[in-house]
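Copied over from Swiss-Prot, here are the features:
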BINDING   HIS83, HIS182  heme b b562 binding site
BINDING   HIS97, HIS196  heme b b566 binding site
BINDING   HIS201  ubiquinone binding site
TRANSMEM  33-53  transmembrane segment
TRANSMEM  77-98  transmembrane segment
TRANSMEM  113-133  transmembrane segment
TRANSMEM  178-198  transmembrane segment
TRANSMEM  226-246  transmembrane segment
TRANSMEM  288-308  transmembrane segment
TRANSMEM  320-340  transmembrane segment
TRANSMEM  347-367  transmembrane segment
Amino acid sequence: MTNIRKVHPLAKIINNLLIDLPAPSNISAWWNFGSLLAVCLALQILTGLFLAMHYTSDTTTAFSSVTHICRDVNYGWIIRYMHANGASMFFICLYMHVGRGLYYGSYTLTETWNIGIILLLTVMATAFMGYVLPWGQMSFWGATVITNLLSAIPYIGTNLVEWIWGGFSVDKATLTRFFAFHFILPFVVSALVMVHLLFLHETGSNNPSGISSDSDKIPFHPYYTIKDILGTLLLILILMLLVMFSPDLLGDPDNYIPANPLSTPPHIKPEWYFLFAYAILRSIPNKLGGVLALLLSILILAIIPLLHTSKQRGMMFRPISQCLFWLLAADLLTLTWIGGQPVEHPFITIGQLASILYFTILLVLMPIAGIIENNILKW
């Protein structure tokens with residue numbers, strides 16, 4: 001008799017996803033981040049659900065309700081800090097996952113890559129709206145500054161911003177709708193993840209060498225299930241170290257001050273995982289130009305497959321491209337640092353140079369490096 005997991009309609013789907021899936025035999029730890037992202041998403045949905053049971057999305061009570069969760073709700077503090085630091089872990093895994101895709105040429109699987117970009121944008125939107133909910137100073141002013149960027153859109157900008165706010169400033173209507181969106185979007189993300197996997201399993205996974213692994217596949221279970229469990233344990237270890245020992249390490253102290261529309265904080269900045277994009281936004285002394293650069297800093301990923309000039313898929317055997325990739329990684333760290341600094345000399349100049357370098361590497365240097373490497377190999 002055939003095993004039930006191979007014939008039952010529901011078990012068959014899970015079997016083809018997680019058990020009998022043919023996987024390349026040589027995928028490294030960089031391929032662990034997909035499963036880690038799934039773990040992060042599940043964790044965020046669960047902790048978020050329990051937080052939503054005690055949170056109130058009203059300007060007069062939002063801040064107090066978060067305080068109430070931390071002080072009075074049974075293990076509320078751990079749920080709150082797992083959710084806040086879970087977002088940081090989520091973005092670390094996201095950036096590693098995208099970086100892996102860039103390094104090993106996984107963007108040649110264009111459908112999977114494009115759904116991935118949509119996923120990235122959706123998760124960023126979700127995180128931004130979540131940051132507004134505690135209704136601290138940085139929540140309020142972050143929401144004001146970022147939503148105000150839409151006013152740079154010619155002709156309809158101001159109307160659009162006031163439509164999103166639900167009034168003439170960030171207020172109760174804004175908070176309520178942000179809570180509604182923050183609650184629903186993770187489920188949209190879950191649906192997109194299914195589409196992401198659907199497209200991935202149409203072609204099969206890439207591998208570090210960049211060549212087809214059809215002739216050498218192994219079953220996902222037990223080889224990669226055990227590997228994913230190890231990755232998950234490490235992820236949870238790092239998360240719990242953060243939560244237990246320094247839960248506010250990655251947060252902003254200003255968010256422990258209740259939102260006050262009459263007092264602007266000296267340095268308005270988003271969470272650390274948006275600082276690179278914020279630095280690019282600030283590096284252009286023109287509102288519309290800054291907004292376009294901010295959008296392009298993420299949307300540039302969509303044209304990466306078109307800029308691929310090398311005859312090899314990944315960067316494993318391409319030293320010039322490798323150097324450029326790690327220069328890009330260092331540049332992103334520099335931008336992240338600059339985004340958290342005040343707008344004054346020398347940070348303005350460093351930010352502008354780092355922003356120019358970011359776009360130059362992706363749009364100019366990497367395609368040129370691919371051509372040079374082809375010529376070196378006489379291809």
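Our numbering is plain: 1 for the first residue shown, then up by one each step along the chain.
Using the three backbone atoms N, Cα and C, a Cβ is placed for every residue, glycine included.
Recorded features from Swiss-Prot, shown on the structure.
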{"residue": "HIS83", "record": "heme b b562 binding site", "contacts (Cβ under 8 Å, 6+ apart)": "GLN44, THR47, GLY48, LEU51"}
{"residue": "HIS97", "record": "heme b b566 binding site", "contacts (Cβ under 8 Å, 6+ apart)": "PHE33, GLY34, LEU37, GLY116"}
{"residue": "HIS182", "record": "heme b b562 binding site", "contacts (Cβ under 8 Å, 6+ apart)": "GLY48, THR126, MET129, GLY130, LEU133"}
{"residue": "HIS196", "record": "heme b b566 binding site", "contacts (Cβ under 8 Å, 6+ apart)": "THR112, ILE115, GLY116, LEU119"}
{"residue": "HIS201", "record": "ubiquinone binding site", "contacts (Cβ under 8 Å, 6+ apart)": "ASN16, LEU17, LEU21"}
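With a cut-off of 8 Å between Cβ atoms, the residues of this chain six or more beyond the transmembrane segment (288-308) that come close are 98, 102, 105, 107-108, 110, 113-114, 117, 120-121, 124, 149-150, 152-154, 276-278, 280-282, 355, 358-359, 362-363, 366-367, 370.
Comparing 33-53, 77-98, 113-133, 178-198, 347-367 for CB pairs under 8 angstroms to the transmembrane segment (226-246), the maximum falls on 77-98.
Below 8 angstroms of C-beta separation, residues 48, 55, 57, 62, 66, 87, 90-91, 94, 97-98, 101, 106-107, 139-140, 142-143, 146, 170, 174-175, 178-179, 181-182, 185-186, 188-189, 192-193, 195-196, 199, 270-271, 273-274, 298-299, 301-302, 304-305 of the same chain, each at least six residues beyond the ends of the transmembrane segment (113-133), sit close to that stretch. The stretch in closest packing with the transmembrane segment (178-198), judged by the count of Cβ pairs under 8 Å and taken from 33-53, 77-98, 320-340, 347-367, is 33-53.
For the recorded site, HIS182 (heme b b562 binding site), the DSSP three-state label reads helix.
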